[in-house]
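The structure under discussion appears below in the form of structure tokens.
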Amino acid sequence: LIFIMHLQEFVTVLVRDPRIQKEDSWHSYIDYEIFIHTNSMCFTRKTSCVRRRYREFVWLRQRLQSNAVLIQLPELPSKTPFFNMNNPNHVDHRRQGLQEFLEKILQDALLLSDSRLHLFLQTQLRPEDMEACVSGQTKYSVADAIHSFASLNRRFPVEDEERKKGKNDADSDSESSSSGLGPSDDSISCGCKASPASEES
């Protein structure tokens, strides 16, 4: 007898670990870790971990909306002038809103086919570099970009190996690294440039 198991496809997305990042001496912002675990055929990587800030979510929503005009996209948590990044309740409320936004988006097959979504979730590329990748202005495909990123910058066991190799400990320290994901200069080896610390953080 041969038993054929039909595995139910799943996508687990977690928005977690909010961290305050200093932009310059006057400005700070919060970024959040996006963790993906899936067995879905739609995803190049089955597990990934990147950090994104609120305004990158805003960019993603605008791009997805312009490509799927007939779909009513879920809302992001509203940007309030009273948001206080030192208030854990404010930060957690926003974190939950961002997670719910991604959970809803990942249930829509049409949105799942948008390459920008995959680059957003599985690389550390800046919005302009994601656009360049998607529109074919780089010599690497979207899948190449995701593979290049993941092989160089996973935040799981690799982090400890990096330390053993004598890498600078600051690379895995949230305050002094642009992403908490390791060195940003070589974080992706495709024609799309990775997000350097000085530009976004």
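Using the three backbone atoms N, Cα and C, a Cβ is placed for every residue, glycine included.
Unlike curated entries, TrEMBL annotations are predicted automatically.
Here's what TrEMBL has on this protein:
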COMPBIAS  157-170  compositional bias 'Basic and acidic residues'
COMPBIAS  175-189  compositional bias 'Low complexity'
DOMAIN    10-127  domain 'PX'
REGION    157-201  region 'Disordered'
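When averaged over the domain 'PX' (10-127), pLDDT in the model lands at 94. Here the domain 'PX' (10-127) has, by DSSP, the following mix of helix, strand and coil residues: 45 helix, 31 strand, 42 coil.
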